[in-house]
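As structure tokens, the structure follows; a few thoughts come after it.
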């Protein structure tokens, strides 16, 4: 598929960087032949066609498959950041001179940044998009030609209406430039006709103005001479009046200075007094703080003294208690010592008794042994052994019974003693526990009272601190309120003075001409001749402050024009002025005055500096509309002079234009401007300022009353706060005393409860010991009772046996009975002594145990006595230290009281001095207020004189453009009456002249000159109109001829291409209206092989697509493009049609350079160079190229 070296190479290369998926810079080198770009779906191959379309000037983001132009910039990927710019360049071969540039190579570049800024370049030089369009015009290339054809273009051809399809023929016929020239010519023709109509209207208007204006100019020249003389006379009059006012002001200045000096001295003196008062108040506050601190110190010392006294009282009570305890323990010790002595003596007596009983028992036992020996001998003799045995056993049993009875009696006695002691201890313990419970309850109550009092003290302390803070805050608020009230009073005085000055000016109608002033004053007095007057324009309108200057300048002297209900009322007012020689005035009768507003040109109304028609920017009663429209209806208001010149130009210099700063552009183009010397309030602003001042003064007075009420309320609050603070401090002091008493009670109760608790513990211990001893005795008693019962039974049995035996042996010998009796008595006596001995031993053991216990108790009491004596001695030793502390605290307390009394005396002296100073300061204030009132009255007069001076000076400046110094040069030897008489003569002459148009002097020659100029322009425009109509007719003829030629050529080519693409068949283009070649539509008739002729819309999808492609190829044949980009236009074709499509474009590549974007195999097979677009990296396209020559392939990465 190699091509000859003579094949055209128009588009040499393409560079793309940052455009859509081409993040990195890539370059496509386009050689001869057919180049095909291939790649998988989504790889970005169609972005190449978008890049070419974009650089050729595509402005629709939708056509580039985006929502906004910034979407063409690479937006980043998962691994790459977005770039800030997209740039595409096309390199063209211009060796054939297809472009009208003196370069062999032409580079077209387009660049866009992320902020939306775009740039175009031709050979690296910045240019306009229009320059690029003109460069490609009628070259066959370009965005609107056939150099870029996508699948969408095929669909577009298929869906175009017949009227729209003719544009394809027009492009191929090369009449686009004629169509553009015709549009420009029609636009110019429309503008020319519009200008011509406007000039005709202006000329007609001027023709009606020239005659009257010439007459007005003659009158105006005479009026100018009279006005000049009148001006000089009025200047002299104003200067005369100002001289008198100046003299008054000079005198006023001297008096003001004297009053100000006196006020300054009074202020200084008052300031010094107030400074002294403030210093004394500061000292008083410091004294209050010192007194408060001293009170706190005194209170703390009182507390300390109370605590020491309380401690001393507690110690005295403790010492008394210890004395009582010592006495009690001493008594108990003596009792225990007596018990020990008695126990010792009893023990000694018992031991002696024990020894005696032991000796007697031994003697009895010896006697008993002898008697038993003799009895045994007797029994042996008498056989009474058994009786003796029984009697011995009985005796032994009886002895045991006696012992058991004695022991039981002892146990019973001891138990009775223990029970009595236990009952006494139980009662004593109950009494002690009841006393302990009572003390504990009392202590708990005291603790609760302490807690409540402490909480109350904390609450009172917090309330006291809060009261201190609130009182201090209220004092600060009071001081701040006084300062604000003083500032408010000063501001109110200033505003009130300004208000009264302006009100006086308004009431006296200062600023108005004499005639206007006299008429309005007469109307106020209900003068019959003035009953028809409505008021001046200044009185009848309201305007926002920002428009005041503009409206005042727009009205000029007309601001003093008087509106009347009827023309008759105006004439009556004129007669009144003449009859009383009161000057002149201008009237606007509502029944004859003509209103109307200027029509604002559309271009002028759309100007950003245009604000509106002057009459629309003011507010007035509807009945006065015609009056205001007559003065302001033809005046436009704009922001500044630049806007004024633009609006004047847009409105053809027919309207009067005023800026917000007062500069003017007059009809015809003349300008008036400069600085405005506006001193004080003007007529428009004065009423507004009076209203504002009245409102501000009312607001200040309301604020004054509110602040005075607030100050009174604060004073009441401060007084209540101080009373509350005093009350709280008293309560706090009472609470501190009550707390000291409660704490003393708590300590006493705690000490007594501790003592009782110790006694209860000791009683409980004794009771436990008694209970244990009683349990043991009861156990022994139970055993003894059981043994006694057994012994009684045994004795009874022994007695019965003995009785039986005795009954048997009653007849024994009398010797044996006597012996037995004596033996029995001896045994009984021996048993008795033995029992006594045993009891003595037991009693001795008990007494020894009791003696040990008494000795132990004696030692413990001695130890308690020693501890008590040591405690008492320690208390006695510490008593002196506490007495010393009490004396020292009492001295400190006395000193603190003395300091507090001294501080209070000093405060009383300082308070009296402060009251005297405040009384003197009040007198100084009254003196100052008297001086300030005098100064205020003088300032009011001065303000009135200043207003008169300002009015006169402003009149000099605004009416005569003179300063006071310059006006003094006009003074002559004539007095004021002579000057006034001459002014009246001039005014009479001016009345005879009637209305004077001063501007006519300058306007007439200018209007004549403008009339001549516009007449010449009218002639030129008529000639231009005729020339443009002739040009349009020639362009229509040329376009019709060229369209017809192009249609025939495209139709013939279409027939041929259709047959080649379909391998037969027939197709043609038909005109919908052959008689109207400029607007006729174009229909496509096709007859594929084997089918009948039918419209394009009736064919199958593949046939319609191939037919549309055939039409595109026919257009290319008629008007070949140096290069052509085809973006997947064969996508809907089958393989056979794709092959025919590829073969056909291969043949066309002899005259046209093709770059085809495709994924069809047949197209790729026909390619000379293949470019592969891949996306190895997500979201980033990469370019590969393959040069095909036979079977050799050279692959490289671009």
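Cβ coordinates come from backbone N, Cα and C, glycine included.
Taken from Swiss-Prot, the feature ATP binding site covers 40, 41, 42, 43, 44, 45, 46, 47. Annotated coiled coil per Swiss-Prot: 175-211, 322-524, 687-1042, in sequence order, evidence recorded as sequence analysis. The feature domain 'SMC hinge' is assigned by Swiss-Prot to 534-647. Residues annotated as region 'Disordered' in Swiss-Prot: 785-818. Annotated compositional bias 'Basic and acidic residues' per Swiss-Prot: 803-818, in sequence order.
Features as recorded by Swiss-Prot, highlighted on the structure.
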residue	record	Cβ neighbours (10 Å)
40	ATP binding site	12
41	ATP binding site	7
42	ATP binding site	12
43	ATP binding site	19
44	ATP binding site	23
45	ATP binding site	25
46	ATP binding site	20
47	ATP binding site	22
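For the ATP site, the Cβ centre of 40, 41, 42, 43, 44, 45, 46, 47 serves as reference, and the other residues of the chain with Cβ at most 8 Å from it are 21, 39, 1173, 1175, 1181. Packing against the coiled coil (175-211) from elsewhere in the chain are residues 137-138, 144, 652, 654, 1004, 1007-1008, 1010-1011, 1014-1015, 1017-1018, 1021-1022, 1024-1025, 1028-1029, 1031-1032, 1035-1036, 1038-1039, 1042-1043, 1046: each is 6 or more residues past its ends and has a CB under 8 Å from a CB in it. Remark: secondary structure over the domain 'SMC hinge' (534-647) totals 59 helix, 21 strand, 34 coil, with classes taken from DSSP.
In the three-state DSSP scheme, residue 47 (ATP binding site) is classed as helix.
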